[in-house]
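Q: Handing you a structure now.
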Amino acid sequence: MAGDKITGTLVFTVFTAALSSFQFGYDIGVINAPQQIIISHYRNVLGIPLDDRKTTNNYVINTTDALPTLPHPGNPTPDPWPEEETTTSTGLVTMLWSLSVSTFAVGGMIASFFGGWLGDKLGRIKALLAANSLSLAGALLMGCSKLGPSHILIIAGRSISGLYCGLISGLVPMYIGEIAPTSLRGALGTLHQLAIVTGILISQIIGLDFILGNHDLWHILFGLSAVPALLQSLLLLFCPESPRYLYIKLEEEVKAKKSLKRLRGSDDVTKDMNEMKKEKDEASSEQKVSVTQLFTDSSYRQPMIVALMLHMAQQFSGINAIFYYSTSIFQTAGISQPVYATIGVGAINMIFTAVSVLLVEKAGRRSLFLIGMSGMFFCAIFMSLGLVLLDKFAWMSYVSMTAIFLFVSFFEIGPGPIPWFMVAEFFSQGPRPTALALAAFSNWACNFIIALCFQYIADFCGPYVFFLFAGVVLAFTLFTFFKVPETKGKSFEEIAAEFRKKSSSAQRPKAPVEMEFLRPTGTV
């Protein structure tokens, strides 16, 4: 097919868009490595005394560690100051630290609703440019955090970066989905996730204490996310606008053709134009769909519920628990240099996402999602077993470590990248922006819940925590098996027909309308 070859312009444009996803990943990972340094910095700023060496050498600070010790190494007896004061101040620092991590997700949650809207208002390119101003503002605040009241600057910077990441989590998959030829839609859609995990890995490497993750340079580590933002703003000036946006939204057929010719590298774009014409006719007959309609209209409800479930499966599978707390998990498993093990997870993460890019057009979305989820189910069980039996058998630490590495690789084969672009494939032009915004919102909301609650759940369940995740993964696997259609290589109409088939197999052919709300809708 002449229209489906990979052209220079397409590569350049997808690369430019994926720089946003890279920043997203960088912002997720960057907070992990310098945790202790930032906590000790917060203590300094707030005037809570603490022996410095203690902070940098100890990963886990609890109240007893927070008591200052005499500097003389031969005399290990601590010289405690009032117990309540320690407890409250440690509580305050812990709270500020939790806020530094989780305000990011709050920003993302709020902004994810506006990604699609901004893309429609300004066009995809200008929307990405506008989003970059947020990214730069966040990077600036965090980069200067050493000069001012650092806890306030970091928390503010993190929430602004969160707003940026929320916007692009809707914009990037939408833009890439609209410029990609049908046969490459899956592979190119996976690049959003690949760029995210690359960003995570790079931030973990640069965050090593002998590079930037130290007392002198940690603020530079935070400020660096401005670099891809500036680079992207420059490159976006040379990117073609989404032909679908030009043709369907603005009705600029000539511009849309011009943009398509650049992207496809050939003058014959009739195939794409016809597909878009078809979509445009449908879009003009479909009104803009509101959030309530997505759930009340029976033709949207099934795909919408499936879309939300896929994103919830992605977040509640326990993967974030591993990312946020990987270092302390490895420490529990008895590794002397947990930071390197965490970077190992990042590297595996990246490799398997790349594998997924290659597999997704061959194996099909649904089957990869199922393979990934089933693998994660078994890994979660082994991970818990390893942690539970750690006291009895020392070699169990290797079991839980191997399980972590495998868990991550299974995640990146299916549940990691697939929900993002599968949702875009479920819906035609009318409901797509609203559906993508809702899906991104549910993803962020689940992310926030996990970031906030995992520490408490882990303290409560101890080593059994991953049994809990195994149960959740099993439930989502069964849901996927019964409810999710395959979308590989299908047009939007065919996918809609699949959903009708799936939902009609769950209920009698046509119940009367009044009975509509009594029918099972498949919300497992």
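Cβ coordinates are placed from backbone N, Cα and C, and glycine is handled just like the others.
Sequence annotations record features per position, and here TrEMBL assigns domain 'Major facilitator superfamily (MFS) profile' to 13-488. Taken from TrEMBL, the feature transmembrane segment covers 95-115, 127-148, 154-176, 188-211, 217-239, 305-327, 339-360, 367-389, 395-414, 435-458, 464-482.
Describe each of these features in terms of where it is and what it packs against.
A: For the domain 'Major facilitator superfamily (MFS) profile' (13-488), the model's pLDDT averages out at 86.
Listed as Cβ neighbours of the transmembrane segment (127-148) (distance under 8 Å, sequence separation of 6 or more from its ends, same chain) are residues 17, 20, 23, 27, 41, 115, 118-119, 121, 154, 156-164, 167-168, 171-172, 175, 218-220, 222-226, 229-230, 232-233, 236.
Note on the transmembrane segment (154-176): residues 14, 17-18, 20-21, 23-24, 27-28, 31, 38, 96, 99-101, 103-116, 118-119, 124, 127-128, 131-132, 134-135, 137-142, 145, 188-189, 191-192, 222, 225, 242, 420-421, 423-424, 432-433, 436-437, 440, 443-444 of its chain, located 6 or more positions outside it, place their CB under 8 angstroms from a CB of the stretch.
Within the chain carrying the transmembrane segment (188-211), a Cβ under 8 angstroms from the stretch's Cβ atoms is held by residues 14, 18-30, 32-34, 56, 172-173, 176-177, 180, 217, 221, 224, 323, 339, 342-343, 346-347, 349-350, 353-354, 356-357, 360, 412, 416-418, 420-421, 424, all 6 or more beyond its ends.
Only residues 6 or more beyond the boundaries of the transmembrane segment (305-327), in the same chain, are considered here, and those with a CB under 8 A from a CB of the stretch are 28-29, 32, 35, 59, 101, 200, 338-339, 341-342, 345, 369, 373, 376, 380, 404, 407-408, 411, 415-416, 418-419, 422-423, 426, 435, 438-440, 442-443, 446-447, 450-451, 454-455, 458, 465-466, 469, 472-473, 476, 479-480, 483-484, 499, 521-524.
Away from its own ends, the transmembrane segment (395-414) comes close to residues 193, 197, 317-319, 322, 326, 329-330, 333-335, 341, 344-345, 348-349, 351-353, 355-356, 359, 368-376, 379-380, 382-383, 385-387, 389 of its chain (Cβ-Cβ under 8 Å, at least six residues beyond either end).
Distant neighbours of the transmembrane segment (435-458): 98, 101-102, 105-106, 108-109, 112-117, 166, 169-170, 173-174, 289, 291, 294, 300, 303-304, 307-308, 310-312, 314-316, 320-321, 324-325, 419, 423-424, 426-427, 465, 468; these residues of the same chain sit at least 6 beyond its ends, with a Cβ under 8 Å from one of its Cβ atoms.
Sequence-distant contacts of the transmembrane segment (464-482) (same chain, six or more residues past either end, CB-CB distance under 8 Å): 309-310, 312-313, 316-318, 321, 366, 369-370, 373-374, 376-377, 380-381, 383-384, 387-388, 457-458, 522, 524.
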Q: Determine which residues of the chain contact the transmembrane segment (339-360) at the Cβ level, with the cut-off under 8 Å and only residues 6 or more beyond its ends counted.
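A: Same-chain contacts beyond the flanks: 29, 32-33, 186-187, 189-191, 193-194, 197-198, 200-201, 204-205, 208-209, 322-323, 326-327, 330, 368, 401, 404-405, 408-414, 416-418, 488.
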